[in-house]
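S.K.: Take this structure, written in C-alpha cells, and hold onto it; I'll ask about it next.
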Amino acid sequence: MSAALVGYSSSEEEQEQEEEGQSRGGGAQGLPGASAGRPRLPAPAGLPGDPDPEEAVSDDSARHGGRVRGFPHERGNWATHVYLPYTAQEEFLELLELLVSQARTYVPSLAAMEEFHLSLSQCVVLRYHWIEPFVRSLRERLAAFHRFFCVADQVKVYTNQNKTRTFIGLEVSAGHFQLLELVSEVDGVLEEFDLPTFYKDPSFHISLAWCVGDLSGRLEGQCLRELQDIVDGFEESAFLLRIQWEQIRCKSGNKYFSFPLRTSEQ
C-alpha cells in the first residue's frame, strides 16, 4: 500500500510542499497561544500590516503541472518547512535516471525531482512577524545535535493526503532513531506556535520523482520490485545511499535559514 507523505516547499516548490505535507490540515494561523505551560507570545507592537516580501502566487493549477494547493495562498501567510537538505552527487543522479526511466514504462508522466531533502516537519503557515521567533526557537533547540549518518535504500511509493499526487521515494532503513530525536525538537517549536506537529509514525524518505493523480497502483507490485532491484544492483549503492547529514534547514516563503549540526570536535 502507498504511504501518506511526510511534508514539502516553493512558489512551485512551496506548492509541492503544501500538497505533500498536509496530513492534519494547515491554514492561516492566528497568534500563537500558550502551550505546555509556556506564556503566550506577545504580539509585536506598531505593525501597520504585514510586509509584502513575496509576490502574489497564482492558484491556477494549469500553471503548475496540474498540482493543487493543500491550502490557499493568502497574503501575509508564509509556507514554512523544516528539513534536511541533500546535495545529489553525480552517481546519485545516474541512479535517479535509471529509476525514473524504468518507472516511466508503467507511468509515462512521471517527472524526476530537481532538488532533494528529507522532511522533519509538515508544511505549516506562519505570519510574517512570527518567522524570526520561530527560527530563533529552532536554533536554540537544535544547537546540541551532532552530524549523523542514515541509510536511504528502500524504494517506496507515496501519495499525498488528498491523493492528487504520487511519489517514488527512498525510505530510510537506518538512522531512524536520530531522525525521531530531531523531529521531537522541531515538534516542540511547532507546539509553541500552535502549529501541526509531524506525523505520529513517519516514513522518513527522500522523494525522487512525482506525477499528478493517484497512480500508486501502477507503481507498486512488479514496478516497485524492479526499482528495488535497480537500487540493490547499482554499483557502490551501499556507499552512495549512506548519507551524512550536516545541517538542518528551514524555508519560510522565500527565506532560508540554516542550522549546522555539530562535528565530533565541537
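Cβ coordinates come from backbone N, Cα and C, glycine included.
TrEMBL entries are annotated by machine, without manual review.
The following feature annotations were taken from TrEMBL:
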REGION    1-70  region 'Disordered'
COMPBIAS  11-20  compositional bias 'Acidic residues'
COMPBIAS  31-49  compositional bias 'Low complexity'
ACT_SITE  His117  active site, proton donor/acceptor
ACT_SITE  His205  active site, proton donor/acceptor
S.K.: Would you mind listing, in sequence order, the residues at least six apart from His117 (active site, proton donor/acceptor) in the same chain with a Cβ closer than 8 Å to its Cβ?
M.R.: Tyr83, Leu84, Pro85, Tyr86, Ile206, Arg249
S.K.: Using a 10 Å cut-off, grab the number of neighbouring Cβ atoms around the Cβ of His205 (active site, proton donor/acceptor), all chains included.
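M.R.: His205 (active site, proton donor/acceptor) is surrounded by 22 other Cβ atoms within 10 Å.
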